[in-house]
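Under the heading transmembrane segment, TrEMBL lists 20-45, 57-76, 96-118, 138-156, 203-223, 235-256, 268-287. Annotation comment: TrEMBL describes 39-285 as domain 'G-protein coupled receptors family 1 profile'.
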């Protein structure tokens, strides 16, 4: 453990070493990141200023957009900057901070997506009691619980990472600091810590995914026995959420539900849940939701 301070910085290999490809990626990811910021800010502003979008679903959606902005900001600016510079390094402290922030916002998003599935389940299965069950007080507690859950998960991951001794190799074959690349560089047997980290991340991802599957199974059963136009409309709002869940949970389970090993595809898969999904979320929720589109039109007409 005395050797853990021998490494003061890490060298990030980034997405590519090809200069031409790097310039193309720079332009591409700059557009992606701008879309993430503008799209999610538009969702937040629309929900906060619209009197029609005052249901719990939109309350949760505004927080999801805020988390998407925060989550992508953990990795995207550094990735974009590194695509143009020769020396792509990150300090040890910066690496640990990036690890903490990435897992904090990522896990919080997982919990929030699970909460949103619970909200849809109650809206469809118990429509008459929906406003009493999912009231403002309950919504606040559910969002707070998501933040606390993400914080606790991130603290555990960070404390485990800090204990790792780094005494020589400092090149990370990734574009940001994450669990598996750091375990690969540690100068000790990382089996126990690796299993603990995988269990911490993987169990959360898998258990929340199971809850989501069960929630939508209950919704489908409910629709078979109690079909109405209102139920159909509520189900239609679920399709956007299911799309987001698949896009986010699939890559997360692939990355974290396995032992401490790295694959060549990890970087591309990580791009999907750290950048692509946060960019697509505003499009998915706005293009497939008439209420959001109408609220955006009213907001635009007021500005004009």
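Cβ atoms are placed via backbone N, Cα and C, with glycine included.
TrEMBL entries are annotated by machine, without manual review.
Mean pLDDT for the domain 'G-protein coupled receptors family 1 profile' (39-285) in this predicted model: 86. With a threshold of 8 Å between CB atoms, the same-chain residues lying at least 6 positions outside the transmembrane segment (268-287) that come near it are 15, 29, 32-33, 35-36, 39-40, 42-43, 61, 64-65, 68-69, 71-72, 74-76, 79, 102, 106, 174-176, 178, 240, 243-244, 247-248, 251-252, 254-255, 293, 296.
Ranking 57-76, 96-118, 138-156, 203-223 by CB pairs under 8 A with the transmembrane segment (20-45) puts 57-76 at the top. Against the transmembrane segment (138-156), the recorded stretches 57-76, 203-223, 235-256 differ in Cβ pairs under 8 Å, and the greatest number is found for 57-76.
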